[in-house]
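Engineer: Please read through the structure below; I'll follow up with questions.
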Amino acid sequence: MAIAMRVEKKIHREFDKRETKDEGGYMALIMETIPDCIQDKWYITHYILKRASAFGPWIKNDVLACAMVLMLFVLIIVGKGEIYIVTVEGEPVISYRGGVNGFEPTAVEADEEIDVTRFITLKKFGGGGSVKMTSLDCACMVLMLFVLIIVGKGEIYIVTVEGEPVISYRGGVNGFEPTAVEADEEIDVTSELVTSYSRHLEKKHDMLLGLLFDRGTYKKLYSYRHLINGFAIHISPEQAEILRRAPGVKSVQRDWKVKRLTTHTPQFLGLPTGVWPTGGGFDRAGEDIIIGFVDSGIFPHHPSFGSHRSDPYGAVPKYRGKCEVDPDTKRDFCNGKIIGAQHFAEAAIAAGAFNPEIDFASPLDGDGHGSHTAAIAAGNNGIPVRMHGYEYGKASGMAPRARIAVYKALYRLFGGFVSDVVAAIEQAVHDGVDIINLSVGANSPPATTRTTFLNPFDATLLSAVKAGVFVSQAAGNGGPFPKTLLSYSPWIVSVAAAVDDRRYKNHLTLGNGNILPGIGLSPATHANQTFTLVAANDVLLDSSVMKYSPSDCQRPEVLNKNLVEGNILLCGYSFNFVVGSASVRKVSETAKSLGAIGFVLAVENVSPGTKFDPVPVGIPGILITDVSKSMDLVDYYNISTSRDWTGRVRSFKAIGSIGDGLRPILHKSAPQVALFSARGPNIKDFSFEDADLLKPDILAPGSLIWAAWSPNGTDEANYIGEGFAMISGTSMAAPHISGIAALLKQKHPHWSPAAIKSALMTTAATLDRVERPLQAQQYTGSETMTLVPATPFDYGSGHVNPRAALDPGLIFDAGYEDYLGFLCTIPGIDAHEIMNYTNSPCNYTMVHPSNLNSPSITISHLVGTQTVTRTVTNVAEEETYVITARMAPAVAIETSPPAMTLRPGASRKFSVTLTPRSITGGYSFGEVLMKGSRGHKVRIPVVAMGYDR
């Protein structure tokens with residue numbers, strides 16, 4: 001605004017110097033002055049609209065005044081917008097033959113020039129006379145343009161302001177008593193103290209915006225009051241600058257997008273025999289524990305979420321969430337198993353990304369992802385997985401009796417926005433969930449903060465953990481490349497994905513006796529029978545359809561049914577399958593509609609990053625993933641197929657049969673780190689500097705996971721319309737941890753989130769089923785997959801072991817103050833930034849970030865000898881622990897004391913000293929092992945890189 005005032009004064013000074021003072025001269029002077037400050041055009045327009053009379057007596061003509069403002073709008077549109085060509089109803093001059101009252105025909109004959117010198121008087125619609133633009137007309141016109149520019153060109157920002165949120169308010173505001181909670185304590189949102197202070201914060205947000213901006217020029221999307229103090233708002237970038245400079249505003253950060261990070265596993269993890277019995281069996285596993293899913297919603301009618309097959313669910317008094325009503329059916333989404341269901345889309349709507357026709361303005365899952373993750377963590381036990389007339393087994397969640405609370409903030413086509421996700425998390429904590437599952441990660445790190453740990457998203461989760469909520473987040477799917485994690489902070493459990501022991505193999509037997517391996521969840525062709533192989537390119541109805549890439553077998557109408565019927569259709573696996581415009585499901589449908597016995601998809605080229613998953617189909621089918629084997633198939637087919645001189649097939653002589661791919665093969669080499677699972681090291685800032693904190697934290701099953709699906713879900717083309725899907729991703733790994741955490745919370749209701757995290761990590765396995773060190777899927781130089789020894793940057797502490805986690809012996813506990821100390825100790829950290837996001841000063845540091853009491857040790861820059869300390873707490877009976885350590889040769893490691901005895905509930909410190917022996921330019925890996933006299937084993941990974949200085 002000050003800029004606009006300076007512009008106004010400059011115009012008046014220049015105008016006073018001029019001899020001729022008229023409207024035209026004044027207008028010209030404005031246009032001469034504006035370009036000097038074109039970067040401040042929004043301020044000027046805003047100011048002119050607010051103070052139209054400031055231009056004094058020189059603007060007597062309404063049309064001139066309106067024209068002046070509109071010219072300013074043109075400057076904005078040209079400077080900010082894009083160019084569009086728009087056609088509207090009504091004939092142009094060259095073809096107008098009359099029909100509009102007051103306007104004579106202007107059409108010309110063929111090859112006749114337009115007489116542009118004819119003077120045409122502008123008339124009003126509906127009668128004669130010149131157009132008179134009233135002040136109201138002008139105001140409406142300007143307002144419409146203004147709204148279009150501000151709303152259409154705005155951005156979404158997350159703003160934090162001065163004043164403590166409910167969770168950390170310790171008093172000091174007249175009339176409002178303290179509401180702060182201690183570490184791991186729930187917020188009592190039903191108390192009058194909390195509700196009145198919460199209303200006070202929201203009123204302050206509204207007052208600030210009302211003072212800065214005119215009504216209608218912005219839209220507040222959410223007020224954040226419980227975990228952080230701030231709001232999400234849709235405004236122009238220029239308005240964001242005004243906010244950034246306003247007193248009382250701590251941070252203004254542009255919103256960024258998030259994305260989805262896309263059964264047999266209960267048995268693989270030992271839950272039915274080793275864990276569920278301790279909680280009263282599967283029908284009591286997770287009883288009254290509430291898991292909040294911030295995801296794409298839920299399909300509430302799926303049997304995995306039904307309540308009719310189990311004992312009635314009672315009320316959970318601590319839960320205060322609500323159930324939205326389906327706008328179509330007028331029924332709510334809850335049934336006792338599903339205890340809450342809400343959706344958050346204000347940012348998506350403001351950004352113009354939300355389409356209610358396909359995204360659903362309700363908690364209904366239009367994607368499939370949310371139903372899948374909810375079923376993995378808390379789906380009912382023993383639900384038959386049936387597709388295409390075959391039962392693939394029975395699905396179950398990790399904690400089948402846990403309650404489900406749905407907070408939909410992800411959508412089909414665009415993923416989601418952080419401001420919607422933050423609102424969902426705040427609501428989940430307000431409602432009283434015990435666990436939050438986040439199978440979601442940012443599209444990219446938020447680059448406006450100096451450290452990965454400080455942004456509205458991670459700060460909200462820090463407050464959630466302070467309120468006693470355990471948070472499990474997918475680590476990301478950017479593997480197998482280093483530094484691809486999307487989950488950074490120590491208060492979050494970051495989950496990597498493992499391949500479990502189940503593999504779906506199949507084979508194609510050729511007429512020459514060659515057996516080609518492949519994958520495909522399909523029935524076999526008839527026993528002891530072979531069938532003719534016909535390639536899609538050889539059975540085209542018309543060669544002109546080659547432009548449709550017929551070898552993909554996506555379009556049955558371009559293939560000759562007479563030649564395909566009763567045979568095996570050969571198709572090519574092109575790049576279209578990689579990008580999602582072609583699917584195995586569609587190949588199956590094409591083959592079936594043409595009467596084929598089955599199909600073969602041959603991969604002739606491998607694109608880097610291509611992931612081949614078996615797809616359930618109703619007819620015999622196989623995907624040959626090995627390029628060399630595909631070439632064997634092509635060679636055999638070409639040799640066996642006779643053609644005329646034009647290349648047209650005379651006779652199809654190649655034959656083959658497809659094996660049975662329905663039954664899985666169990667491998668003992670499991671688990672392995674999945675190829676796609678994001679890898680460490682963790683980063684502390686967006687220069688990608690290494691952090692002194694290990695990530696991921698833990699490994700859990702995340703490859704080929706069967707679970708519930710939404711029939712209208714579109715996340716996976718191969719499962720559209722189905723009730724179940726078998727998909728992969730760290731999105732699938734995170735809910736395994738959320739469900740197992742529910743079992744731990746049920747057994748140990750007073751454990752902190754850090755205690756549950758510690759129990760999971762210190763008992764994790766680093767050996768596979770045959771007692772060999774874990775391996776990780778990795779690319780070779782030729783982009784083919786191989787197995788390499790895995791490191792903590794692949795799996796964190798190791799693969800989750802639920803049975804051991806229930807009774808860990810010792811825990812490494814930490815709370816809110818510890819996490820603040822960690823933040824305050826990060827080299828180069830800005831204490832003001834910490835204050836902005838946490839409302840806490842840096843009164844406590846821990847000398848080095850690696851001294852955070854986490855169940856892992858990481859020193860990214862080890863110079864000389866460095867000693868770190870850890871504190872353990874005994875959660876079992878009295879026990880004596882012997883402490884040993886081992887490390888790769890480049891770094892020496894020592895622990896002290898060598899042994900210690902702890903009584904129940906007692907805590908003791910121990911130290912670990914690291915010294916570089918040689919500088920290798922890479923990380924060294926090791927571990928500290930604590931063996932108890934009662935059989936407990938507590939293991940923490942150690943990671944360090946030595947430097948000279």
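Glycine is treated like the rest: Cβ placed from N, Cα and C.
Checked TrEMBL, it gives:
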ACT_SITE  Asp295  active site, charge relay system
ACT_SITE  His369  active site, charge relay system
ACT_SITE  Ser731  active site, charge relay system
DOMAIN    197-259  domain 'Inhibitor I9'
DOMAIN    286-770  domain 'Peptidase S8/S53'
DOMAIN    843-943  domain 'C5a peptidase/Subtilisin-like protease SBT2-like Fn3-like'
TRANSMEM  58-78  transmembrane segment
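Help me picture these features in the structure, burial and contacts included.
Structural biologist: The average per-residue pLDDT of the prediction over the domain 'Inhibitor I9' (197-259) is 92, rounded to a whole number.
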Engineer: Roughly how many Å lie between the Cα atoms of Asp295 (active site, charge relay system) and His369 (active site, charge relay system), rounded to a whole value?
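Structural biologist: If we compare the Cα positions of Asp295 (active site, charge relay system) and His369 (active site, charge relay system), the gap is 7 Å.
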Engineer: Could you measure between Ser731 (active site, charge relay system) and His369 (active site, charge relay system) for me? Cα positions, answer in whole angstrom.
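Structural biologist: Distance between the two Cα atoms comes out at 8 Å.
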Engineer: Across all the protein chains here, work out how many other Cβ atoms are within 10 Å of the Cβ of Ser731 (active site, charge relay system).
Structural biologist: 31
Engineer: What is the number of other Cβ atoms found within 10 Å of the Cβ of Asp295 (active site, charge relay system)?
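Structural biologist: That number is 29.
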Engineer: Quick one: give me the count of other CB atoms within 10 A of the CB of His369 (active site, charge relay system).
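Structural biologist: Looking across every protein chain shown, the total is 31.
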